[in-house]
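Enquirer: Heads up, here are the entries from TrEMBL:
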- 26-126: domain 'Ig-like' (DOMAIN)
- 133-218: domain 'Ig-like' (DOMAIN)
- 241-326: domain 'Ig-like' (DOMAIN)
- 339-435: domain 'Ig-like' (DOMAIN)
- 441-532: domain 'Ig-like' (DOMAIN)
- 539-626: domain 'Ig-like' (DOMAIN)
- 744-921: domain 'MAM' (DOMAIN)
- 1-23: signal peptide (SIGNAL)
Amino acid sequence: VEVLHLCFSLNLTLIYLIFSSSTAPPTVRIIHSGHACNVEEERYTERVYTIREGETLELACLVSGHPRPQIRWTKTAGSASDRFQDSSVFNETLRITRIQRLQGGRYYCKAENGLGSPAIKSIRVDVYYLDDPIVTVHQSIGEAKEQFYYERTVFLRCMANSNPPVRYSWRRGQEFLSQGSDKGVEIYEPFFTQGETKILKLKNLRPQDYANYSCIASVRNVCGITNKNVLFKLSNKTASPTIKLLVEDPIVVNPGQTVTLVCVTSGGDPTPTLTWVHSADELPKKSVLNGGTLTLPAISIEEAGVYSCVASNNVGNPAKKSTTIVVRGLKKGRFWITPDPYHNDDNIQIGREVKISCQVEATPPEELLFSWLKNGRPLRSSERMVITHTDPEVQPGTTNLDIIDLKFTDFGTYTCVAVLKNGGIPEISIDVNISSTTVPPELTVPRDKSPLVVQEGDTVELQCLVSGKPKPIILWSRADKEVPMPDGGLQTESYDGALRIVNVSREMTGTYRCATSQYNGFNVKPREALVELTVQYPPAVEPLFTEIRQGLGRAFTLNCRMLRAHPSKVLKYEWKLGTRLLTIGQLDQRDETDYHVRALNREGYGEYTCEVTNEAGAGACRFLVTGRAYAPEFYYDTYSALWQNRPRVYGFKLQWTQQNPLSVDRIVAYRLGIKQTGQSRWWEQEIPMEGAIAKGELITHNLTELIKPEAYLVRLTPITRFGEGDSTDRTIRYSAPVNPHLKFQCSFEDEAVCMFTQDKRDDFDWTRHSAATRDTKYTPNTGPSSDRVGSKQGFYMYIETSRPRLEGEKARLLTPTFNVAPKSPYGTVTSSPTYCFGFYYHMYGKHIGALNAYLRQKGQSGADSSVWTLVGNQGDRWKQAKVNIHPTASFQLVLEGIRGPGIEGDIAIDDVTIEEGECKDPPHNNLRSLSPPTAHHICQFLVTLTLVFVGHQR
């Protein structure tokens, strides 16, 4: 009774699954092409794709599910600097030509169609490479006892970048060296660089140690990467490099001159190579490098700096010598006036001291010379006119003129002149006027300039009126000193007191500070003033645009929401349909407005606009209300969609569902357009629809008279009372079924598994595996230890019966579709041909369920025909099964594995064959179990009957 109750519940579940909606969540599988060296299956289903650097990586993401899933490739791991095409690719095929080592890492294919969780598969791409090895030589000389002789030891270090890790070997002349082969030789790896270097130590050099040494780097020919080697000649002349610079240091030149730097080697064996480097960055683009000579034509101030000559011959440390190029120049002349350094007075007064300061940036600073003029005549230092150039309290490059006990006769124009003593650079002169009218600065803001209210996008000018003589520079900044100015800096200079902002934005609202600078003005406490800026902007609303699809006679509501605005107190709104005003109002306490349509009529279709306005302008929500039907979604997972009609034509079962069919009026028909790819002419017909279409309902239309082997573009457009809806396209391609005239054989070594497919209506899938990667600790005492021919690297298909699998669950594997070979010249089958179906099976474990084989034929709507079955433990060995089959139409073979009562029930198959003709010497076909039937076997039999019944009902 318990068995029958369990089977009854299971049968109801099966019936529900068979008659459920045609929608299906996505599944995904990654296959590879291109130039893979190897594809491995690691533990926990991680797949590793190995490829050689510079080859083409090509990964295809095969998906199923309805609606058609969207596919996205993403990448993680690898180098942080690798940006993998903005991190994602929306395409079924990921292709990277000339792949580089930094592009290795884990690649994910993600498929989603809104049903259930997205399907994600990953594959790790391992890029293999081997760079040329480099040998560096280091020498050490140690004193022996009593200093009678010196011991000279040489270290030869070999390094090469690679993946996988490199293996090194050394050769002296034609002799391979190994640890212990020569007492004077040691070979070892430093502890801190394990696997990255290999050091050859030559102790107390002997005459035979002077020879040619070769370091061979190898990655064991993986991916076809050949060994690489480097040769180093060791002699009694071997020495690290030494160099000389044939230039002065520093080199002082004028802008525009040509500078030539010469570096020569003075020692070193092998002959060192010379190169030049610049301290700031790369060498200037216009520089010319010829051996050890570097030429810098028309040098500029930006190209000044330290230039270093580096010599290297891989012996010892590189030699390096540097020189500094100084480009002469003067810039940034400024002055300021200190009215009275002792009385803290801001005014210039007769009888008190006045200090005039002048500052210039000079290169080199030691060449800077100052002179002073009064009213155009030279001025020399005296007791009352003190000129100083080395004031420790001011910055370098500054000169001061102190006027002691100012008199009326001291009023006039004072000029500070700066030159470089070797000439060639234009002088800088700065005029300062000292007179009775010289007054300290004052800052004011015009009445109408603060607060200042403008609209976003305008050009605005903030104004500070500055008085005083001489007029100082004005420095503008934000009152909050950490907030940047519109140009991005923290301060902006102004010579007329105005700050001009073009295309002002809302972020620029705030308080601005204008302040006097001590430069070009009085060296007194800075004057400052504040200007308030308010930027008005129109309302920002959402949604900006929304399409709403509705059927006639239905009610709906449109909502427009205000996000932000300035000013935000007085907001008006207007609802319009086209140009027709619908309603107006004002947003007082609310920030949104609705418009209700109680019953949509034909005049109600169109664009609705809600404008929300303030003093600065308007923001608009737009809604397009239409009766257009949504696009249909083609069903790509149709079983046996393509069939053979006649020798020259074929047919295709086109299936689709309608996206959101209830959102608009009833779909009365579909317009079907079809054209041959590469042609311009379309053929069209209408497919009438009777009654309303339910969501998820699968619609079928058979396409016939398609010419082999042409492909066709199909376009489907729904039609309602409103008119035509959105169209969708797909391409139909002809693929001829396999016809086993001679023999079909599959050992599952290829990842495409010979076009075998998983049944969409079973409980779980068959898994491709090899014994080398299978985790036997997880499911002990079950499953094969090798493939059928005894190879642990070979692949086979098996069912994994560990949790969460349950007793009685089924996994079905389908062969490709085979044509029945016609015996008649007219293409008809005159009699049932015979084929031999064979395979090897492995059924080991105390919980083994059942393995069944069925024949599935085209055009036969009934259940699949059972051709072979076996139940129970058959021992830890591969056995062969053969059976004759007699199809009358195109056919497939179905291999069904059924989970037994426990986890020790893995079933495997390998080497499947289909051959025309009867089986020769078929093995004994055991149709009985090795033990009496259990409750599980009875349940299995009842479930099979249920499937047969349901198949007939459908």
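Residue numbers in this text run from 1 along the chain shown.
Even glycines carry a Cβ here, placed using N, Cα and C.
Please treat TrEMBL annotations as automatic predictions, because they have not gone through curation.
Could you tell me the structural context for the features on the list?
Expert: Within the model, the domain 'Ig-like' (26-126) shows a mean pLDDT value of 79, rounded to a whole number.
Helix, strand and coil content of the domain 'Ig-like' (339-435), in residues and according to DSSP, is 6 helix, 48 strand, 43 coil.
In the domain 'Ig-like' (539-626), helix, strand and coil residues by DSSP number 3 helix, 60 strand, 25 coil.
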Enquirer: Just give the helix, strand and coil counts over the domain 'Ig-like' (441-532), going by DSSP.
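Expert: When I sort the residues of the domain 'Ig-like' (441-532) into the three classes, I find 6 helix, 43 strand, 43 coil.
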Enquirer: Per DSSP, what is the residue count of the domain 'Ig-like' (241-326) in each of helix, strand and coil?
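Expert: So the counts come to 3 helix, 49 strand, 34 coil.
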